[in-house]
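Below you will find the structure I want to go over with you.
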Amino acid sequence: MQDKVLTDLIKTEKPEQIEDFLPNEEDITSPTITRNLYVESYGCQMNIADSEVVVSILRPHGFEITDTYEKADVIFINTCAIRDKAEQTVRKRLSQFNQLKRRNPDLVIGVLGCMAERLKQTLLEEEKLVDLVAGPDAYRDLPRLLATVDSGHKAINTFLSREETYADISPIRLNSNGVSAFISIMRGCDNMCSFCVVPFTRGRERSRDPYSIVKEATELFEQGYREVTLLGQNVDSYKWSPNTDKKEQPTTPQEGVVNFAQLLAMVAQIHPDLRIRFSTSHPKDITDQVLYTIKAYDNICKYIHLPVQSGSSRVLKLMNRTYDRAWYLQKIEDIRRIVGEDCGISSDMIAGFCTETEEDHQDTLSLMEHIKYEFSYMFYYSERPGTLAARKYADDVPLAVKKRRLQEIIDKQRQHSFEKNLKDIGKVYQVLVEGPSKKSDIEWQGRNSANKVVVFPNVDCKKGTYVDVLITNCTTGTLLGEICTR
């Protein structure tokens with residue numbers, strides 16, 4: 001039933017604009033001048049990775065990246081639709097380009113990503129300065145869409161694919177520190193959490209060929225990168241087989257199937273100096289096999305982002321999270337038993353979901369007290385049009401109550417983060433040096449295996465090297481220390 005709902009609700013027809021104004025092939029593939037492209041990314045890490053794919057697709061067509069929008073011939077905003085606030089941020093940003101567009105009518109402004117996919121044609125109607133709209137699976141079509149705009153027409157493609165993974169595209173790294181990079185391993189989500197718009201903006205789950213992933217990670221290591229983060233809306237459900245790209249899927253077990261635990265091991269074996277992270281995990285899919293793989297390889301970071309969303313079993317059922325409070329707590333115990341007590345665990349939490357009571361809220365606070373996350377991403381509920389929650393449940397928790405509950409969650413998380421950091425004082429951690437700290441060039445920073453930021457004096461440090469740091473102090477969000485030798 002869940003598959004049918006997702007199939008019914010995801011629109012896959014190509015928009016009329018693409019067929020009405022198809023430019024000639026030579027207009028697309030034979031650039032005569034160089035154009036400056038400016039890309040701004042909002043939302044999750046996946047959007048950052050997607051923006052790097054976009055730049056790679058457009059470079060052969062005469063586009064060069066610029067880091068200032070004032071110099072741009074084309075501005076792309078890669079958007080998020082997970083909350084209303086994210087979309088309002090994009091609309092506000094677009095309004096700031098009005099004067100720029102008036103001064104330069106030839107400036108092309110495009111909206112990419114999840115907001116583009118959700119609003120489709122409506123976005124062109126509501127935001128008059130927008131020339132181009134492209135969903136997450138339409139980036140290969142950007143040269144054609146831009147040629148359509150150049151011919152004097154608006155352009156839109158929000159086609160959702162069942163196959164697209166951009167596996168053959170080598171991303172051009174944007175704003176890179178030269179140490180850490182993202183690798184997209186799968187796209188889409190089949191989970192259908194009742195509050196979430198992602199299945200409708202990114203489509204069905206598709207796993208990328210593992211050998212292309214290993215190739216990309218190997219090339220990054222050879223270029224000097226020392227950390228890769230494997231990305232997906234739900235990385236633990238990664239599953240690839242030789243039949244993945246075929247329309248007819250096998251009904252019996254196949255040889256050559258690669259699951260997420262096996263992929264982790266494949267990437268970890270590239271080189272012991274290449275750190276591996278991954279995000280994001282759904283609790284139902286993080287198996288013991290994954291946990292034992294993390295334990296087996298020193299270069300797979302001992303850190304798991306495991307969103308709980310609520311500590312109330314009743315609310316979790318309404319959210320369609322497929323687990324309850326007791327099951328989630330058992331999964332946390334499994335992580336600490338198998339990977340180790342030092343494994344960093346973070347979470348996502350939503351305050352004020354539909355019908356949430358004070359008792360439900362207290363269940364969330366008590367779960368936090370029991371687990372004591374290293375850190376969390378915390379928000380109050382924002383109803384998203386088209387989701388199951390929007391269609392089935394009343395958004396009946398007053399905004400003031402949502403904000404108060406959220407603040408209580410934030411306060412508790414700050415307390416726990418500080419307590420956990422205090423316990424690290426006196427310990428020595430291996431830290432991957434990322435470069436100068438945000439506050440001072442005298443101090444440098446990096447992260448330990450548990451994903452904690454560590455700041456230390458720069459004593460002839462080099463980016464991309466590992467140093468041992470003795471933790472001497474801390475703040476709520478940062479460990480402070482001195483470089484030492486063991």
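Every residue, even glycine, has its Cβ placed from backbone N, Cα and C.
The model shown is predicted, which means the values in this text are computed figures rather than measured ones.
Pasting the feature list from Swiss-Prot:
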DOMAIN    35-151  domain 'MTTase N-terminal'
BINDING   Cys44, Cys80, Cys114  [4Fe-4S] cluster 1 binding site
DOMAIN    175-419  domain 'Radical SAM core'
BINDING   Cys189, Cys193, Cys196  [4Fe-4S] cluster 2 binding site
DOMAIN    422-485  domain 'TRAM'
Around the C-beta of Cys80 ([4Fe-4S] cluster 1 binding site), how many further C-beta atoms are within 10 angstroms, looking at every protein chain?
22
Starting from each candidate's C-beta and looking 10 angstroms out, tell me which of the binding-site residues Cys44, Cys114, Cys189, Cys193, Cys196 has the most other C-beta atoms.
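Neighbour-count leader: Cys114.
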Through the lens of DSSP with three states only, how would you label Cys114 ([4Fe-4S] cluster 1 binding site)?
helix
To test your reading of the [4Fe-4S] cluster 1 site: which residues beyond Cys44, Cys80, Cys114, same chain only, put their Cβ within 8 Å of the Cβ centroid of those residues?
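The answer, listed by sequence position, is Tyr42, Gly43, Met46, Asn47, Thr79, Ala81, Ile82, Ala86, Gly113, Met115, Val198, Thr201.
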In three-state terms from DSSP, label Cys196 ([4Fe-4S] cluster 2 binding site) for me.
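The three-state answer is coil.
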Do me a favour and check the Cα-Cα span between Cys114 ([4Fe-4S] cluster 1 binding site) and Cys193 ([4Fe-4S] cluster 2 binding site); whole Å is fine.
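So the alpha carbons of Cys114 ([4Fe-4S] cluster 1 binding site) and Cys193 ([4Fe-4S] cluster 2 binding site) sit roughly 16 Å from each other.
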